[in-house]
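J.: Structure provided below as structure tokens; questions to follow.
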Amino acid sequence: MSYVIGIDLGTSAVKALLVDKNGTVAAEATRSYPLFHERSGWSEQRADDWVEATLESIRELVTSGSVDASAVEGISFSGQMHGLVLLDVGGSPVRNAILWNDTRTTEQCREIERTLGDKLLSITRNPALEGFTLPKMLWVRQYEPQSFEKAVTFLLPKDYVRYRLTGELHMDYSDAAGTLLLDVAGKKWSEEVLAAFGLPASLCPPLVESHGMVGTLLPEAAKRSGLSESTKVFAGGADNACGAIGSGILSEGLTLCSIGTSGVILSYEKDESSDYKGKVHFFNHGKENAFYAMGVTLAAGYSLSWFKKTFAPNESFDQLLSGVGDVKPGAGGLLFTPYLVGERTPHADSAIRASFIGVDGSHERIHFARAVMEGITFSLGESVHMLRSAGKSIDKIVSIGGGAQNPVWLQMQADIFDATVVSLENEQGPGLGAAMLAAYGCGWFDSLEACAKQFVKYADEYKPQPEAVKTYKDLFAIYQQIYTQTRGMNEALVAFR
Ligand SMILES: Nc1ncnc2c1ncn2[C@@H]1O[C@H](COP(=O)(O)OP(=O)(O)O)[C@@H](O)[C@H]1O
Ligand SMILES: O=C(CO)[C@@H](O)[C@H](O)COP(=O)(O)O
């Protein structure tokens, strides 16, 4: 049997999947790495931690799957988006990577808006948001000029891992779209944006399709991972593009909900023609010449893991959430807004922070846990609402990410989104999407769609329950007021953080 490997470089951990030609996951391995929050709003990781964790997880896959190294034909990647990795002339990172959920760059975002005006949206199809890569570059240039002077290339997280495995520098369109340096519709680095900020084109790596082959493994990487040097390496894509591929979101009318560290609602776009005026992100898909529109909740799964870490550090998610289905929708009048690190959609605001509203003497920890899950889902519901308001019809949503492991949460999504929610048999959307890019790249299938027919296996369907839909509609109207009513207070609190 032949295999491919899909690597999902997440924020909390890297997950590696060994997948056979039938799309069956033969083995899985995961390794976590630390996140550094040196100041409020900052979020960094060490790029070399990703490489070590990836090599270790591949080695475990190969060993636990008891496969012959020569049976693994290809490997590809899904990566957390937007993170800035600056490399010096020797190919080493000049500082820690600054991640997608780091919001230190408000000043640089305003500078980008002032400099580019309307051109920003027409070229990059996205507004200046703190999480994107260009503002991070400008921040490093302004505040750490000694590091920036050393930088000759920039990469995104999974591109750095792939570079260390192959020695080749590349970036795929789906990830490049999240840098604010790409002409998204034209599929090329924007000379206009680069020139406007005095950035040399040589900083940008060559662009490739997600299923494009970029090389084979370096001898050292082959030795450490246990794979053969002839293993073909394919570019891969942004985690949300790969999550979409791994969930079969490859044609018009299909929508994805992903609750990982972040949360996203993503809707397929067959071409570049839709214009959301920057209200949602608009990026290149990992499928050639396709696109997607996407709303992002910065602290989705992160809100629940913050809650667990703070109030139930010694329990598993399943223990923490046991009994959460017995609490009625609305958590006894307790609402939560998941703005622990600021927000992106629909409120691009780095100063806003989370709230519990309606705390009552009768509330127990389980009500708070339910309120956190509901607040995250309401936030994602805002993106569903925005896409519907722009004319999208959203009746069926494939749900992935760590959050999709809990059936109560899947039913809650169906009730809050008022749509049928479908889970996957193997809850590994982005990793499976990466494996599919390798399988398609290896020539196992004529198209990603043909690969999806074989690889993507849907599991349970959750239908919206009318009574809960009605309750959540009423609560959503109250939830939506919390942002405007707490914004001023949070701005005043910035000085105390
Ligand atoms: N058993 C579970 N039930 C509900 N939520 C879970 C469970 N396990 C993990 N999660 C949620 O999923 C998140 C991690 O999702 P994952 O897709 O692995 O993230 P990432 O790819 O960003 O590293 C956690 O922050 C947590 O909120
Ligand atoms: O910033 C975004 C999308 O724009 C995030 O979705 C990141 O891509 C991180 O993803 P996860 O670690 O939550 O999967």
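Glycine is no exception: its Cβ is also placed from the backbone N, Cα and C atoms.
Whatever TrEMBL says is automated annotation, not expert-curated.
Taken from TrEMBL, the feature domain 'Carbohydrate kinase FGGY N-terminal' covers 3-246. The site 'Important for activity' annotation in TrEMBL covers Asp8. The substrate binding site feature in TrEMBL is assigned to Met81, His82. Here TrEMBL flags Asp239 as active site, proton acceptor.
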J.: Check Asp239 (active site, proton acceptor) against DSSP and tell me helix, strand or coil, would you?
T.: helix
J.: Write down the Cα-Cα distance for Asp8 (site 'Important for activity') and the residue listed as 'active site, proton acceptor', rounded and given in Å.
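T.: Roughly 7 Å, rounded to the nearest whole number.
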J.: Between the recorded positions Asp8, Asp239, whose Cβ has more other Cβ atoms within 10 Å than any of the rest?
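T.: Most Cβ neighbours within 10 Å: Asp239.
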J.: Just to be sure I understand the contacts, which recorded positions have a Cβ under 6 angstroms from any atom of ligand 2? Candidates are Asp8, Met81, His82, Asp239.
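T.: Listed by sequence, the hits are Met81, His82, Asp239.
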J.: Taking the Cβ of Met81 (substrate binding site) as the centre, how many other Cβ atoms fall within a 10 Å radius?
T.: 28
J.: If one measures from the C-alpha of Met81 (substrate binding site) to the C-alpha of Asp8 (site 'Important for activity'), what distance in angstrom results, rounded to a whole number?
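T.: That separation, Cα to Cα, works out to 11 Å.
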J.: At the Cα level, what's the spacing in Å between Asp8 (site 'Important for activity') and His82 (substrate binding site), rounded?
T.: 15
J.: Tell me which residues of the chain lie with their Cβ under 8 angstroms from that of His82 (substrate binding site), as long as they are six or more apart in sequence?
T.: Leu99, Trp100, Gly131, Phe132, Thr133, Lys136, Leu156, Gly178, Thr179
